[in-house]
Amino acid sequence: MAVIGQDISRAKGVLDAGELVAIPTETVYGLAGNALNPAAVASIFETKNRPSFDPLIIHVPSLGAAENYVTNIPSPLRKLAEHFWPGPLTLLLPRKSNIPDIVTSGLDRVAVRVPDHSLSLDLLAQLDYPLAAPSANPFGYISPTSPKHVNAQLGDKISYILDGGNCKVGLESTIVGMEEDEIVVYRLGGLDISEIESIVGKVTVKSHSSSNPQAPGLLESHYAPTKPFILGNLNEMVAYYQEREVDFAVLSLSQSFPAVPVGNQIALSPQADLKDAATHLFAAMRTLDESNATVILAELMPEEGLGKAINDRLKRASTKG
Ligand code: TXA
Ligand code: MG
């Protein structure tokens, strides 16, 4: 198992040696390595078992630091960075040649963000390279929102996890770029579209076009538990599985089910607050995946605010008929 601690200089030592460290961010934990060192980046892909055509986000301590790795920042995207960095926003920007091909899978744009977590910002400020970091989970599985989640799955492959507690946003960053004059959202995430639109006006959401080769690795099946994960009307599904005497677990927004054992159900937010629900989503999916149920039943959230990003994750996690 990896050591879990808050020692920034230890984390720096591991990274300087070309090895990987799990780092906390406000969204999810990242599996970080020196983005300018192709061998370190290669070991990220290997550790996660991630296909190398799926490019990585680089993490920097500030907008000023981002300028070292991109040739220019279109003004609407600069405005977004000024408003929302540090925060759950990733920008796709034209890369400088100092960013190795392996980081972007050969694409012309590099994904950049400034994470909102004091430990990781302190660490980044001490490094003379950005950190490439995908979510710290095996490819395709649920993203980790606590050091324990990371240790459970990657603990035998990395030596150190920087402990920043539970992630406060709980959903990956929203990914934004430009195509001609159009502002495009490629992945729904922790920064709500309406907040983005309040700064730069109307945006286009392309997060579902899996046919678009420029789109982020939006593979249809992702964020998935190992158990069958079924989306639908919870009251109907609960009745159906109860009748058939199947051991099931229930993931709801706020509803509880008196006939289902407490250990087999999680309401994401008793107040039906979507931000709160986002924070708890991945941990809840893991808990139910580890329960003794044979199937997990879940419902979609209202399609508003962060509900859209949560629904995106739920749909990708769900078992296709
Ligand atoms: O919140 C987050 O973004 C977390 C934390 C650790 O920062 N990171 C994260 O990384 O979610 P990952 O690798 O799990 O997801 C990054 C997404 C992928 O879908 C990838 O395809 C897309 O970003 N992406 C990265 N670079 C890209 C590029 N140059 N062009 C298009 N999509 C890119
Ligand atoms: Mg991921």
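Numbers run from 1 along the shown chain.
Every residue, even glycine, has its Cβ placed from backbone N, Cα and C.
Under DSSP, T27 (L-threonine binding site) is assigned to coil, being neither helix nor strand in the three-state scheme. The Cβ of T27 (L-threonine binding site) has P88, P115, C167, V169, G170, L171, E172, S173, G189, G190 as same-chain neighbours under 8 Å, each 6 or more residues away in sequence. Residues annotated as L-threonine binding site in TrEMBL: T27, R113, A133, S173.
Close to S135 (ATP binding site) in the fold, though at least 6 residues off in sequence, lie V28, Y29, G30, L31, S143, P144, E172, each with a CB less than 8 Å from its CB. Residues or ranges marked as ATP binding site in TrEMBL: R50, H59, S135, S143, R187, Y223.
Here TrEMBL flags 5-191 as domain 'YrdC-like'. The average pLDDT the prediction assigns to the domain 'YrdC-like' (5-191) is 97.
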Checklist outcome for this item: H59 (ATP binding site) sits from A133 (L-threonine binding site) (Cα to Cα, rounded, in Å) at a distance of 7
Item to check | R50, H59, R113, R187 as binding-site residues, winner by CB count within 10 A | outcome: H59
Checklist entry - List, in sequence order, the same-chain residues at least six positions removed whose CB sits under 8 Å from that of Y223 (ATP binding site)? => result G140, Y141, I142, S143, F282, M285, R313, R316, A317
Checklist entry - Listed L-threonine-binding residues T27, R113, A133, S173 - what's their greatest C-alpha to C-alpha distance in Å? => result 12
Next on the checklist: On the three-state reduction of DSSP, what should I expect for S173 (L-threonine binding site)?
Outcome noted: coil
